[in-house]
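Asker: Before anything else, here's the structure in question.
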Amino acid sequence: MTDVSNTPPAEGDDRPVLTTRQGHPVPDNQNTRTVGSRGPATLENYHLIEKLSHFDRERIPERVVHARGATAFGVFTTTGVLGDSGEPLSELTRAKLFDAPGKKCEVAVRFSTVAGGRDSSEAVRDPRGFAVKFYTEDGNWDLVGNNLAVFFLRDAIKFPDFIHSQKPDPVTFERQIPARVFDFISQTPESLHMCTMVFGPRGIPASYRTQQGFGVNTYKWVNAAGETKLVKYHWLPKQGVKSMTGADAAAVQAEEPGAHTKDLYSAIAGGDFPEWELAVQLMDDHDHPELDWDPLDDTKTWPENDFPLRTIGTLQLNRAPRNFFNESEQIAFGTGVLVDGLDFSDDKMLVGRTFSYSDTQRHRVGANYLQLPVNSPKAAAVRTNQRDGQMNYSVDEGHENLTVNYEPSTIGGLREAEVPAHPAQGPTYNAQLTREHIERTNDYEQPGQRYQLSEPWEQDDLVANLGGLFEQCDRHIRERMVWHLFLCDDELGQRVGDAIGISADDIRHLEPLATQGWGPTEQKRLDNLGNNGPRDVQGLVMTHCVPNEHVAVADGNREFVGGAA
Ligand code: HEM
């Protein structure tokens, strides 16, 4: 029985009627069923109990990182050829989404910040997630990257510690305390390259539309003959690259904590569809002993003068979610989600990431998270022998005898797919089990080059930010950080040191960290600390060294404050 409504519909009100999830019409959504108008409530009131108990369960755990973000949908169109070389992509990878010029594939993209909670401000200093799901005819491919081309770490085992140092203090819950952040980084010099960007203007993109994107980790392409190449992915925004300073971000935050999401959705609603070109860098698949860095090290970029960018397609975003929770909160990306023709490299971060994503999603969304429309393939059939589990609502069909939910079987069910032409591929290994960092750590060269090649306003902002943050750290952390900066670049060390009263002479006695990679090059720089001279960047084309426009909100530029310009 339902309660009796005492308010008939107004004349001409032909809106559809509210129901419960059981399909029962709801005649009274205002009054709880009680014994008399002031009396006790009855427990059999199905509508009240369904409504309250569903509300009690509205939240799922937020992402442990990248909780704040926004998803949009669109299309990826491949050129089918490698840049202007004319070489068909099908000769390099057998992934079907690239096999013909003009071929299109539906995509979902989620942009995010990293450290803050689900409702946190978006105008903050943080890397931005740039995760793309391609719904290809071979099944889904996720390219889960960031807006900065490198990462803080090169081994997944450090990730939980690093994130803890970035998250609020577990006792006081105070947000991002520099003494914790730089305590960790001072002991982790592989983070320095990332720091040269996060603590400069690249750490605060003006909007999601005006940032680059990168796969960051090194992947592989495999062709029909089983030949492999190492590959790095770059997203280049057609809107240009635009960034802010901390003062600009403060001005944005004061008006609109969700400025990036609002900007993205207003642009799409206004028909101003953002676009990015997808480009790749390729390298032969081996360890490249001729380089003084390791191609599998995600703290390094590949010099673009030696490994040129080649455009392979364009991404356009043209639809916002119809329901934010369904299509953004529940969307699930993972580095393990590859299609035939695309493969992992042995990058130690990538391997760890690949475990972590689907593991957290089974906990965060549920065991059947891949049945949700936003996560299931759109252009490929799904036929598994998986059954049951919480919130299961479909059985994969596609064969006659549904009692056979196992394989192999002589009486029906599903069969295995054909093996690729070359089941074995890539380099061979001859090594023993060990726990060692990679040999070519080279933690200081690229951060130094990056500083040299940054625009003057980017350098000034980086120096001012680092100086201000180091002032909030203990003396020993400040000293170690300035020591690292001098090893990267004299001028960077000098300028930040000057800001906080630490000279090269104050710190040249510091010994290298026991845990860090150290060789004759580093020792020579330490012996000459402060007198190494500028690094030679002649002819070097470094990833990220593209014009970066300053959106000076603090000076009254209203672009990107609470909506697209
Ligand atoms: C070993 C290192 C890493 C681990 C263990 C890790 C783990 C995670 C986890 C658990 C999530 C939450 C996923 C979810 O709840 O759906 C996540 C999200 C994300 N991570 Fe990582 N991560 C690592 C490194 C990286 C790196 C290097 C990048 C960039 C290249 C990155 C980019 C992202 C992005 C973009 C998201 C958000 C995906 C979305 O929008 O749903 N992560 N990561």
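Placement of Cβ uses the backbone N, Cα and C atoms for every residue, glycine included.
Bear in mind that the values here come from a model prediction, so they are computed numbers and not experimental data.
Below, the features straight out of TrEMBL:
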{"type": "ACT_SITE", "residues": "His66", "note": "active site"}
{"type": "ACT_SITE", "residues": "Asn146", "note": "active site"}
{"type": "BINDING", "residues": "Tyr357", "note": "heme binding site"}
{"type": "DOMAIN", "residues": "19-415", "note": "domain 'Catalase core'"}
{"type": "REGION", "residues": "1-38", "note": "region 'Disordered'"}
Asker: Just to be sure I understand the packing, how many Cβ atoms besides its own are within 10 Å of the Cβ of Tyr357 (heme binding site)?
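Answerer: The answer is 18 other Cβ atoms.
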Asker: Including all protein chains displayed, how many Cβ atoms other than that of His66 (active site) lie within 10 Å of its Cβ?
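Answerer: Neighbour count, Cβ to Cβ under the 10 Å cut-off: 22.
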Asker: Can you tell me how many other Cβ atoms are located within 10 Å of the Cβ belonging to Asn146 (active site)?
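Answerer: Taking every protein chain into account, the count is 23.
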Asker: I'd like the per-state residue tally for the region 'Disordered' (1-38) from DSSP, helix first, then strand, then coil.
Answerer: 0 helix, 3 strand, 35 coil
Asker: Can you give the mean pLDDT for the domain 'Catalase core' (19-415), rounded to a whole number?
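Answerer: The average pLDDT of the model in the domain 'Catalase core' (19-415) works out to 96.
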Asker: Check the DSSP secondary structure of His66 (active site), expressed as helix, strand or coil.
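Answerer: In three-state terms, His66 (active site) counts as coil.
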Asker: For the residue listed as 'heme binding site' and Asn146 (active site), what Cα-Cα distance in Å is obtained after rounding to a whole number?
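Answerer: Here the two Cα atoms lie 15 Å apart.
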